[in-house]
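Q: Here it is: the structure, laid out below.
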Amino acid sequence: MQVNADLRPILGPQLVRLDPMRIKQLQDPQVYDAIDSLAKLSAHCLQLRTPLTTCEKLINSDSTLYLSWKYDEEEKVSRLLGFAKVGRKKLFLYDAQMQTYEGEVLCLLDFYVHFSTQRQGVGKQILDYMFSQEHAEPYQLALDNPSVTLLGFMSQKYGMNRPVWQNTNFVVFDELFQSLSAENGVGTVDFQSCKYRIFNSEKSPPDGWRRPMTPRRLGTGMTDTRWLQHAVSGHQSKGNAMAAPVDADMTPQGALSNRAHQAKARKAHILSSKPLW
């Protein structure tokens, strides 16, 4: 995304952290328009009607934008290369053994690299800078409804190849749960970037956080949950199997095929839904 101006006095280094206060202090319509245009390209790739990221939303939220850009000395223009939007959210999580966790997790909410600079290491530079600024490790990151391409990127660049899908469409990695330890089923673990509480396995999960469409057996005034292993694990062809290795085609043709498949599945879901009128 191109801006016909020198943004070095405004943004500073080529990798920059923009929190809500910093974005509000920019007061530059050209920068705002360039960020919004880059976010629209991200939404277009995900087949979304409205972008997930705008400067107005960032100013009125607790999210942080990590932006990569460069200045072209020959053409005297600035180019925005990509961005990552992150925020901290309180989530209830399940591991592969259905142990329940509660914690404030660093979440990747939006991530995009301009198509003209993809596969040049820009995406990894952005995430590496984000991890250093947030004092976090790759396994501590939660992904908000990621695509197969993003899961393949995390597997290829960071070795995160065991995703655990949650019923909230967030994805965390099995290494996160392996790093936690508990005593007698209940415990707390503190990191610089997150805090988790492990629920007692004898207690049922909090209301509203049970996995949907799960058969139940009613007893004497109590509700016991029976987990079906084949239902919990999901289907590998959908790319959201519980703790299943990621098998994604990272070639340009494969990325386009993944996006086309996701758009086709989303269109079929919309057409099969009952109209509201």
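Glycine is treated like the rest: Cβ placed from N, Cα and C.
Annotated domain 'N-acetyltransferase' per Swiss-Prot: 1-177, in sequence order. Per Swiss-Prot, acetyl-CoA binding site is recorded for Phe111, Tyr112, Val113, His114, Phe115, Ser116, Thr117, Gln118, Arg119, Gln120, Gly121, Val122, Gly123, Lys124.
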Q: Give the residue from the binding-site residues Gly121, Gly123 that has the most other Cβ atoms within 10 Å of its Cβ, counting over every protein chain displayed.
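A: Of Gly121, Gly123, the one with the most crowded Cβ is Gly123.
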Q: Applying a 10 Å Cβ distance cut-off over all chains shown, what neighbour count does Phe111 (acetyl-CoA binding site) have?
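A: Neighbour count, Cβ to Cβ under the 10 Å cut-off: 24.
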Q: List the residues of the same chain that sit at least 6 positions away from Thr117 (acetyl-CoA binding site) in sequence and have their Cβ under 8 Å from its Cβ, in sequence order, or write 'none'.
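A: Listed in sequence order: Leu81, Gly82.
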Q: Among Phe111, Tyr112, Val113, His114, Phe115, Ser116, Thr117, Gln118, Arg119, Gln120, Gly121, Val122, Gly123, Lys124, recorded acetyl-CoA binders, what is the largest CA to CA distance in Å?
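A: With Phe111, Tyr112, Val113, His114, Phe115, Ser116, Thr117, Gln118, Arg119, Gln120, Gly121, Val122, Gly123, Lys124 as the binding residues for acetyl-CoA, the largest Cα distance is 16 Å.
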Q: Would you count the other CB atoms within 10 A of the CB of Val113 (acetyl-CoA binding site), including those on all shown protein chains?
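A: For Val113 (acetyl-CoA binding site), the 10 Å Cβ neighbour count is 24.
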Q: So what's the mean pLDDT when you look at the domain 'N-acetyltransferase' (1-177)?
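A: So the average pLDDT across the domain 'N-acetyltransferase' (1-177) works out to 90.
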